[in-house]
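Colleague: Just passing along the structure, written as structure tokens.
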Amino acid sequence: MAQVLDTPKAASPASDPVTPAERVARRKSLLHWIAVHSLGVAAALFFVLPFVFLLLTSLMSDQQALTRDLWPHPFEWSNYKEVFDTPGFLTWWRNTLLYAGLGTVLTVVSSLPVAYALAKFRFRGRHLSLMLVISMMMLPPQVVVIPMYLFWAKQLDMSGTLWPLIIPMAFGDAFSIFLLRQFLLTIPNEYLDAAKVDGCGEFRTLLRVVIPMAKPGIAAVALFQFFYAWNDYFGPQIYASENPAAWTLSYGLESFKGAHHTDWNLTMAATVLVMAPVIVVFFFAQKAFVEGVTLTGVKG
Amino acid sequence: MSTYTLRSKRRRSALRTAAFMSPWLIGFCVFFAYPLISTLYFSFTSYDGFSAPEFSGLKNWSYVFNDYPLFWPALRNTLWLVLVMVTCRVIFGLGIGMLITRIKTGTGVFRTLFYLPYLAPPVAATLGFVFLLNPGTGPVNSILGDLGLPTPGWFTDATWSKPALTALAVWGVGDLMVIFMAALLDVPKEQYEAAELDGASAYQRFRFVTLPNISPIIMFAVVTGIIQTMQYYTQPLVAGKVASGVMGGSGQQFEPGYPDKSTLTLPQLVYNLGFQRFDYGSACVVALVLFVLAMAFTALLMRRRSGLIQAGE
């Protein structure tokens, strides 16, 4: 490549408008481009190869998956059918969708008014409330699990279901409140004042003005919450483990490995099936997602 | 008269605030304050979930700190993870962030590829890594072997299990990449131009322009990384279970931390004590240790002067 840049100079030195200094700079920037992009490709391989290996193994026969082969021969597409035919697999899907779907709706509906109050109302204890929200966000769920388990299992007799995980989401989720608040802070007060001049109360302002403007923030929260429930292992382990009919994909997947001992091909096919929906959703909602990460991470 | 209307106006606005805050106020009381106080209370009692809790003073505390064989290994592992895993993640995340801001062709594709592993569900990603790194037939050791490099036992070897977990955590560094990327793009361009005019080398530009500008974000990444390490549960547990060949699911007894307690973390102890040994009192002691550690680092994050979390006006 560097040679290509050199040739015109050598052929017609007089007519070439590029000075030697510029030429050096150009060559340097080209080398820089090559170096950066080679590093980029190397990093991309590190991030992508594990997915590729999983995918390839999921298409091998059970015998081949135990060899050092990297390429499936022949391709066993029936592995995926076998995973779907595993007793319980479809139930885990249904439970996961219920937990993630209903949980997400409840979280957004209950967190939005709280975030709005924290972002836009001035009241005594506002700073304290925000600090408490952040503390709740940082609290490992294991800290309060013993009394919570006793509460749900012994007093309300709800163990063996996912309700102890879904119901609390109707009472605001600290992370969602925090993320939404960060987003609502970016909405200029003039819009809210204008709505009030038009005779809207706070509730109608929230519905008519704030929600339409906060759509990207709401999308980010919904996505995070959906993935949280999809990925949750500890919650189902505590409340649903005794009843396989209530298992979720993340919880069932691990038992799948247990039930199939050394059938790495089937385990990897199931793993791919648990990862795939998350990745598909991400491709459709990439912008909202990245925005959400940035919002919670960085001071404005 | 005017004071009366003022007061009623204030009362109305207080009611309105309370109404908007109410979901969280209830949630705070029922799912945070009450269980926290309850945890503190249980930590001073003998309680197996069947007979009523009985006051036992500091017995559980002394048991956890002096006699419970898993407590100190778990704390040591946590320290290791904070020192090595968090450091690797921050350095690697910053490196990838700097790389992505320099990539000019196909930026979107690269960014997506770098970010994707962060989204992989933890159980699935851990299972995948246990397979990739399995010592007998895993692709990683196959390649290492072909290259004539040592082939460690990874998740089956107590020396290598935490490095294997670190590899898994570094693979999912996408969250830090995005944060660092945003911070790097915020560094004023003029400062780089001025440094270049002064003849600063690439290293000097990094050391004297980039680093001072993004140091609050590095601090944020380190502190949230430490807090995440306190919560580190699913990956080490699943890795230990799967690598040891213990069946998952209900009713299976599993001594956590395989191999040789090397993947134990504090949250796993709460599960072990509470849900495998039915010693709720001692489980609450570990829960409180976890609480104090998590809150200490959260306080660091919230110190107003550090400006890491914008108070907002």
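Using the three backbone atoms N, Cα and C, a Cβ is placed for every residue, glycine included.
In TrEMBL, annotation is done automatically, which means it is predicted and not curated.
This is the feature table in TrEMBL:
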DOMAIN    B:75-301  domain 'ABC transmembrane type-1'
TRANSMEM  B:21-44  transmembrane segment
TRANSMEM  B:79-101  transmembrane segment
TRANSMEM  B:113-133  transmembrane segment
TRANSMEM  B:164-185  transmembrane segment
TRANSMEM  B:206-227  transmembrane segment
TRANSMEM  B:280-301  transmembrane segment
Colleague: Should anything in the same chain at least six residues away from the transmembrane segment (B:79-101) have a Cβ under 8 Å from its Cβ atoms, list it; otherwise answer none.
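Modeller: Long-range Cβ neighbours of the transmembrane segment (B:79-101): 107, 110-111, 114, 162-163, 165-166, 169-170, 173, 175-181, 183-185, 210, 214, 218, 221-222, 225-226, 229, 232, 265.
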Colleague: Cβ under 8 Å to the transmembrane segment (B:280-301), counting only same-chain residues 6 or more beyond its ends: which ones?
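Modeller: Result: 36, 39-40, 42-49, 53, 56, 59-61, 63-64, 68, 71, 220, 223-224, 226-227, 230-231, 266-267, 269-270, 273-274, 308-309.
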Colleague: Look at every Cβ pair spanning the transmembrane segment (B:113-133) and the transmembrane segment (B:164-185), keep those 6 or more apart in sequence, and say whether at least 3 of them are under 8 Å.
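Modeller: In contact, yes.
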